[in-house]
């Protein structure tokens, strides 16, 4: 009976501990309500009274504008890394933060330029906002499918109203709004093929509770490049990678949260409603006859597909187009069949797949692990297979999108070959 008594004591102690924790949490929340006085603040935009918004104090300027129907772009989700949520505060600007000083010149800071994601609304402000952001809109869409196309990447397919099409351009992006939610990663198996389960099980990624049920309205928005091209409307597509915590002993760190936006998207099922806003973007196609080289890795597949399918299937471009796509293994490769068909149908399109870590089954199926143009890091394979053979590499346009290390390696490589930065179109959300 001794061990039963001990177990009983532990259970009672655990219950008491949980109750105390709940009481303390409640006290903290109530204290915040009482101590932090919330008051209305007016945001006057472009000196136009009709655009004035009244918001509650205490929130970020970015979330206040988003809640007011002004979809300021924030591709990084408000982490101050993309530097795209810039707003000019002509009256009422507080002292700049270090993130502002790292973004703007001294003169710009004096003029009132700030990152809206880092600016707290505490009083009335007069703002200058670009017209293109004021003209951005929001759409409600219905999830058609949300299947994994790689172990940690989903293809989110959404249908929007054909009566109100989204006027986006290839290379553009939309922001996805994230409501309060709670999810269990085991439920994600519903939209994940069994072939991807083993890696998730190996890293103990299933049965993880992600609780963002107290998420503040308008506080979470993340921009994602469109994988679709305009002719595919009213359907839009995204390739989205899950942001897991770092792994410790083959398990996600319990002290670091999962990505708020990507976890929400991974939880979506067919029939669910989502809200997108935009369109935004700077990494559009340069309309000239220069040959094109796409250097794409991982979930950068969105950016590459949107441009390439639009050029070939919609615009019937005769420009020379080469795609180098890097993945770990064939299981992680995205849109292979689609690109192989395009290569057969269009003599001006050339497709190169590079694997950095081919699996045993890949090699058994015929993948050449000894060919450095096929089994390598993408930037090295590209240099061996094409770049080093170009007589005038500066004559090409390079469209680059992928993980941070991929992007930095490509930029350094192209710089070594004398390619001007103006010839490189980088889609980088500051991840």
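Placed from the backbone N, Cα and C atoms, the Cβ positions cover glycine too.
Swiss-Prot names 82, 85, 117 for binding [2Fe-2S] cluster. Of 41, 76, the residue it gives for the same site is 76. Swiss-Prot assigns the feature transmembrane segment to residues 10-30, out of the candidate ranges 10-30, 52-72.
In sequence order, 62, 72, 73, 74, 78, 115, 116, 117 constitute the residues six or more apart from residue 85 ([2Fe-2S] cluster binding site) in its chain with CB-CB distances below 8 Å. Figure note: comparing Cβ neighbours within 10 Å for the binding-site residues 82, 117, the maximum is reached by 117.
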